[in-house]
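Asker: Pasting in a structure now, in structure tokens, and then I'll have a few things to ask.
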Amino acid sequence: MRIDVITIFPEYLAPLDLSLIGKARREGLVDLNVHDLRGFTHDRHRTVDDTPVGGGAGMVMKPEPWAEAFAHVIAQGQAELGASAQPVVLFPNPAGEPLRQASARSLSEEAWLVFACGRYEGIDERVYEHLAARGCRIRLVSLGDYVLNGGEVAVLAITEAVVRLVPGVLGNPESVVEESHSHGLLEYPIYTRPASWTDPDGVERRVPEILLSGDHGRIAAWRHARSLERTRQRRPDLLASQGDADDSTSAR
Ligand code: SAM
């Protein structure tokens, strides 16, 4: 998978060199390129923003550097991936579709993603119109119903959610099969050794006996029941959006 990120703060993306994503990059599973939007300006101050037309607070990102950056990034990507390659262009945006596991999964199947990090009040609307008119696949993606200062934190989160689903990135591919949101439920409680642990207040806390039984069928049933229970308690909206909350097979 190829990923390009356009930002005025390239150093903000440094964590993408760490941990599993850094390893995936080193192993050639992900080709991640960060581009400085200011590199596509032509004035002494490398200006990327201006005041909002019509008045109002804050500054708006100018269309010219964005159009140049997209032209450069898309040409560079097509030189590597082939002239017919087309990226999905992702704009982190509080007015976008909320990021969900299903969207992360479908994005993980794409060959090429381009992220555009907004700052200030956001990007001049004509940039979206320009890309759409060129036939680009555009998606506005929100991390949640709150406002961040810029798109970089969202790119870190979206990239992590997507790249861990790319085959070969996680050591054990089973890890992504049974986890929260993979089947519309939250994950069941998990434990490790020792089976009996006395906490610092002197209370003995035991792993549920059933998990020590070695009976895989009963363990799976227990885990599924805990998943349903936990989802009902913490995120009943997830069950409501699936229809029949009591049909345990449909929820899996
Ligand atoms: N004026 C914009 C509005 O009211 O919708 C908010 C702009 S915000 C200060 C600057 C940038 O941060 C946005 O262009 C976007 O890239 C990013 N951003 C802010 N909140 C976000 C969220 N919840 N999810 C994803 N990106 C977000």
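Note that Cβ sites are derived from N, Cα and C of the backbone, with glycine treated the same way.
Any TrEMBL annotation is an automated prediction that lacks curation.
Relevant sequence annotations retrieved from TrEMBL are reproduced here:
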| type | residues | note |
| --- | --- | --- |
| BINDING | G118, L143, G144, D145, Y146, V147, L148 | S-adenosyl-L-methionine binding site |
| DOMAIN | 1-239 | domain 'tRNA methyltransferase TRMD/TRM10-type' |
| REGION | 233-252 | region 'Disordered' |
Asker: Within 10 Å of its Cβ, which one of these binding-site residues (L143, V147) has the largest number of other Cβ atoms?
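Answerer: Sorting the candidates by Cβ neighbours within 10 Å, the top entry is L143.
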Asker: Around the C-beta of G118 (S-adenosyl-L-methionine binding site), how many further C-beta atoms are within 10 angstroms, looking at every protein chain?
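Answerer: The answer is 24.
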Asker: Greatest CA-CA distance (Å) over the residues G118, L143, G144, D145, Y146, V147, L148 that the record ties to S-adenosyl-L-methionine?
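Answerer: Greatest Cα-Cα span of the listed binding residues: 16 Å.
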Asker: Far apart in sequence but close in space: which same-chain residues, 6 or more away, have a Cβ under 8 Å from D145 (S-adenosyl-L-methionine binding site)?
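Answerer: Same-chain residues close to D145 (S-adenosyl-L-methionine binding site) (Cβ under 8 Å, separated by 6 or more) are P94, P98.
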Asker: Among the binding-site residues G144, Y146, which residue has the largest number of other Cβ atoms within 10 Å of its own Cβ?
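Answerer: Per the Cβ count within 10 Å, the most buried is G144.
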